[in-house]
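As recorded in Swiss-Prot:
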type	residues	note
BINDING	G388, D389, V390, G391, S392, G393, K394, T395	ATP binding site
DOMAIN	375-538	domain 'Helicase ATP-binding'
DOMAIN	557-719	domain 'Helicase C-terminal'
REGION	134-229	region 'Wedge domain'
MOTIF	489-492	motif 'DEAH box'
Amino acid sequence: MDTAFVKDFIDNLLENDGLKLKRAIGVGIFLFNKLKEDAPDYILESLKEVDKLPFEKKKAVLREVRKFLSEYEKRKKEGNFLEKTKRKPIDVFFNPIEKVKILTKTQISTLKALGIETVYDALFYFPEKYEDKRLNTSIKTAKVGEKVALKVKVKEVKIKENERYTLEVVCTDGTGYITLKYRYKNPHFALKAFRKGMEIVVYGKLKSFKGEKYMVHPEVKSPSSEELGKIIPVYYVRKRGELQEISSKTKQKRVRTALTALSESLYRYFPEYMPDYLIEKYNFPDIALCIKELHNPKDISVNALNSFTDLYHKRVIYDELFLFQLALLLKKQEIKKEKAPKVNVDEKFLRKAIEKLPFKLTRAQERAIKEILEDLSRDVPMNRLLQGDVGSGKTIVAILTSLAVVKSGYQVAVMVPTEILAHQHYKKFSEMLKDYGVNVALLTGSLTPSQKKSVYKHVKEGNIHVLVGTHALIQDKVEFKNLGYVIIDEQHRFGVMQRKLLLEKGKGLYPHCLVMSATPIPRTLALSIYGDLDISIIDELPPGRKEVITKLYFESQKEEVYKKVEEELKKGNKVYVIYPLIEESEKLNLKAATEEYERWKKLFPDRKVLLLHGKMPDKEKLAVMEEFKREGDILVSTTVIEVGIDVPEATVMVIEDAHRFGLSQLHQLRGRVGRSDKEAYCLLVVPDEIKNEKNESLKRLRVFVKTTDGFKIAEEDLKLRGPGEIIGVSQSGYFGFRVANLARSQDRALLGVARKDAEELLKNNPNLENLQDLKKLLIKKYGDKMELSFVA
């Protein structure tokens with residue numbers, strides 16, 4: 001590609017405010033033909049349309065093409081330089097950070113405190129944002145609303161003691177004036193910092209009011225500061241699952257200095273692990289250049305960096321998504337090699353069992369059962385996700401398919417996350433299967449030693465056909481005679497290792513596995529997150545179920561909530577009241593819950609009010625739930641009422657401080673009521689402070705009030721909070737993402753692309769021949785999480 005010619009051609013068109021461009025015809029077609037061999041799709045697509053665009057948009061497209069050509073030349077130059085450098089194998093970069101000679105002991109301990117253990121971790125610990133401290137604008141040309149650095153001279157200092165801003169510093173750079181505004185209790189002490197005539201550099205968000213340009217509390221630097229004239233990377237740290245800017249300036253600077261030095265000295269040795277054809281397909285920069293440019297960017301748009309849309313971020317994000325998909329597909333490929341028990345399904349028998357049910361199955365339930373039974377009849381292990389909205393009847397699907405497995409002579413293990421849920425499942429399975437001679441047993445941590453001993457004995461001898469339990473099922477003492485089917489409820493609460501340990505109890509055969517999730521996940525995302533599983537979806541509710549009526553109240557409207565609760569109690573119905581865990585300390589949470597419990601007792605003195613909280617032992621929780629079912633009226637709880645808990649008489653769910661929950665969490669809570677043919681209500685209570693219609697939490701809650709479709713709610717939650725919130729895991733932990741974020745629509749769009757590319761690579765190269773560094777990186781990132789040892 002003759003970049004110099006094309007750049008000159010574009011410059012010529014854009015001269016004199018695009019005078020020649022106004023008269024030119026067929027510019028897009030001409031440039032398309034010149035660039036079609038080398039330019040990425042997004043450039044070519046815009047060139048196809050450019051001739052139809054209005055003049056200003058036409059200019060913008062040509063500037064974008066011009067920018068791409070400059071980057072292309074730069075990358076080519078650096079690419080040639082990299083080609084001459086001897087790259088190291090990737091495992092060299094898995095060495096401990098302590099081995100790096102250019103870092104001081106203090107720098108090493110600071111990096112380790114951020115969770116950086118290896119050289120690889122350090123090189124890929126990218127900044128979360130960038131500050132543009134290049135002095136490339138003036139007061140006149142700087143854009144209002146953007147953060148800018150301006151070199152100015154102090155013109156006047158004003159003290160305004162009784163006003164909102166007590167100190168104002170008027171400055172100029174010759175092109176215009178700007179006022180720096182400060183709010184100090186004692187503004188006189190700040191006078192020394194600003195002397196008339198002194199030169200300073202200010203950095204902050206430029207604002208404007210009635211033609212006056214100003215900044216509030218900007219950073220002030222001396223013109224000789226080493227930070228100036230650069231794009232400054234800003235690093236974050238993860239605290240309690242949240243990403244937060246490293247607030248200490250000293251620590252921020254130490255991290256920045258260490259990572260800049262490390263990336264500058266090592267980037268050229270980092271190997272290109274991706275297949276060449278993929279890099280060419282998307283015109284990606286070399287991964288080594290991404291490391292260099294993201295830690296120490298030179299001539300890149302800061303807006304592009306901060307919106308993660310520059311080419312270097314795009315490459316890293318694509319890589320993360322691609323590696324994750326590759327790991328999932330390899331895991332799926334590996335499981336298919338195992339031998340599973342072949343279940344001979346007696347269809348007539350099963351049809352009779354379905355006809356005997358006291359209710360009719362929905363079409364979606366019938367479809368899910370059919371898909372599962374087809375899988376069970378093969379000797380290839382089933383690995384299926386059963387997804388359904390709250391109350392859609394997943395448990396009955398699990399029970400009926402378990403019956404088919406037991407009738408074929410195999411045992412079933414059902415693992416659930418909590419004791420309360422284990423007891424409930426045990427009751428349901430026992431009730432539904434008692435007429436078929438199926439022995440169902442329960443195994444939880446709270447059984448006595450002799451009860452446990454009896455369960456171990458009967459499971460080993462094969463007398464127990466279905467064993468329901470918590471993670472107690474994966475203990476070494478639990479031995480099955482012939483385990484054929486494993487059902488795991490609420491997948492995300494179990495680690496991969498727990499699932500693996502349960503599946504390993506199959507004695508020579510790999511049991512079929514059904515994962516049930518009551519958390520609806522948009523299908524595209526489900527394929528990506530659970531890409532190693534096949535998916536069955538129950539997308540309709542049983543007939544007769546009424547939609548839960550959801551209403552939003554502010555604290556000042558609480559009386560209406562109490563009125564509704566009183567109405568329902570008079571009808572003989574039951575009420576849940578949920579409080580979020582707000583305090584850092586469990587003691588404070590417990591105190592808050594106890595106070596609320598006492599308050600509800602005073603409000604309803606003639607009613608039986610019970611308290612359930614997370615610190616209670618499981619036995620006590622069970623006792624409270626049983627009491628609530630039998631004779632309780634109101635249950636006040638700090639813990640999210642367990643998913644799957646079934647109290648048909650409960651018709652009201654009051655959720656205090658509802659803005660503190662994610663939408664998917666709220667949807668789970670709402671699903672605890674409306675489990676019969678009675679009208680049910682979900683009443684959300686929020687503080688008056690968030691009344692402002694622009695408040696994001698309020699906007700989210702209004703979406704929630706309008707829809708009861710879990711899949712739509714999940715879509716909304718995904719946009720707002722990312723998939724970690726929906727499936728209950730952090731993106732960095734479960735997915736291994738450092739930069740990719742599925743809450744960003746552009747990253748979600750890339751996810752599907754990465755999935756297709758990973759499928760294509762495995763189709764053509766199932767053992768990843770000649771891609772040693774890619775294999776090693778997969779093992780490093782996903783070896784333990786996804787049992788990918790076979791790739792090595």
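Cβ from N, Cα, C; glycine included.
It should be emphasised that the depicted structure is a prediction, and the values quoted were computed from it without experimental measurement.
Cβ neighbours within 10 Å of G391 (ATP binding site), excluding its own Cβ and spanning all shown chains: 20.
Cβ neighbours of G393 (ATP binding site) (same chain, under 8 Å, six or more residues apart in sequence): L361, T362, Q365, I538, L541, P542. If you take the C-beta of G388 (ATP binding site) and look for same-chain residues 6 or more apart in sequence within under 8 angstroms, you find A364, A368, K394, M516, A518, P520, I537, I538, D539. When secondary structure is read from DSSP and collapsed to three states, S392 (ATP binding site) falls in the coil class. Neighbour count (other Cβ atoms within 10 Å of the Cβ, all protein chains): 26 for S392 (ATP binding site).
All protein chains shown were included, and the count of other CB atoms within 10 Å of the CB of V390 (ATP binding site) stands at 22. Cβ proximity to the ATP site centre (mean Cβ of G388, D389, V390, G391, S392, G393, K394, T395, cutoff 8 Å) flags the following additional same-chain residues: A518, I538, L541. For the region 'Wedge domain' (134-229), the number of residues in each DSSP class (helix H, G, I; strand E, B; coil) is 7 helix, 43 strand, 46 coil. Along the region 'Wedge domain' (134-229), the predicted structure has mean pLDDT 91.
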